[in-house]
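Below is one structure; the comments refer to it alone.
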Amino acid sequence: MNYFRTAILLAGLTGLFMGVGYLIGGASGATIALVVAAATNLFAYWNSDRMVLSMYGAHEVDPGTAPDLHRLVAELASRAGLPMPRVFVMDNPQPNAFATGRNPENAAVAVTTGLMQSLSREELAGVIAHELAHIKHHDTLLMTITATIAGAISMLAQFGMFFGGNRDNHGPGIIGSLAMMILAPFGAMLVQMAISRTREYAADEMGARICGQPMWLASALARIENAAHQVPNMEAERAPATAHMFIINPLSGRGMDNLFATHPSTENRIAALQRLAGQSGGGLAPGGPPPDPSSPWNKGSRRGPWG
């Protein structure tokens, strides 16, 4: 699952943060940077889910207000061996979704109205399974930590520009401060994006195993990618640091599978799922209970049944 690579990248991000602190204030600056990072992450640990859900205007739904969606999430969570997460809906025309929460016991899955109106039952099952995979892998906490440290690096680098421009034993000087202000956030962004892309591939594979059908997720990714290019997500545009949370990059400026992309290219993700489907003969045994005969995805598929 690429956990070793993720750990190395996270360690590099922390080291970069301490390095910026060292350039500003020497050994004491590095120590202070570490303390600030710990305090910031502690705050994010307890509050990040509420903050991001509020940012996107998500409202919680229950079996009474969204019975089909709630039942689908409950069944997939059971198949994944997870506690039932809270379910939220965002009033946004762009089809997309994300998961948040500090652990599986305090997790939430949020989907847009555009997603519920655009996907078939099977495709929506694939998307929900992908988000549950992030919860199962504790990616929601990991991405909160990386986003928090990356943001702190940017703020610290700007602080160094104004207060680290002297030429004493500790200050990097004006040129060094300028370089730090530009390169440190850039380096943090590269590490953050590399971690995000690593976790997306892992969540795709686990999500396919949870729902049992890799091609459900592959079909959903293709449909969401096509629509996301045409329908802007204004909340995400105002808060681009949250783009990595979504199943498909919600921002208007997208790249290929390279250092500057928040996600792997959708084409590569679909190809990986197609290979997984080919290896398994089209279906996978997730290891959970068999599907409920009354499950939405055992009925005839139709467009947009969740609106």
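Using N, Cα and C of the backbone, Cβ positions are placed for all residues, glycine too.
Quick look at what Swiss-Prot annotates:
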- GLU131: active site (ACT_SITE)
- HIS130, HIS134, GLU200: Zn(2+) binding site (BINDING)
- 277-307: region 'Disordered' (REGION)
- 7-27: transmembrane segment (TRANSMEM)
- 28-48: transmembrane segment (TRANSMEM)
- 145-165: transmembrane segment (TRANSMEM)
- 171-191: transmembrane segment (TRANSMEM)
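Where Swiss-Prot records a feature, it is marked here on the structure.
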| residue | record | Cβ neighbours (10 Å) |
| --- | --- | --- |
| HIS130 | Zn(2+) binding site | 27 |
| GLU131 | active site | 29 |
| HIS134 | Zn(2+) binding site | 27 |
| GLU200 | Zn(2+) binding site | 23 |
(message) Cβ within 8 Å of the Zn(2+) site centroid (HIS130, HIS134, GLU200 excluded): which residues?
(response) ALA99, GLU131, ALA133, ASP139, ARG199, ALA202, ALA203, ASP204, MET206, GLY207, ILE247
(message) I need the CA-to-CA distance for the residue listed as 'active site' versus GLU200 (Zn(2+) binding site), whole Å please.
(response) 10
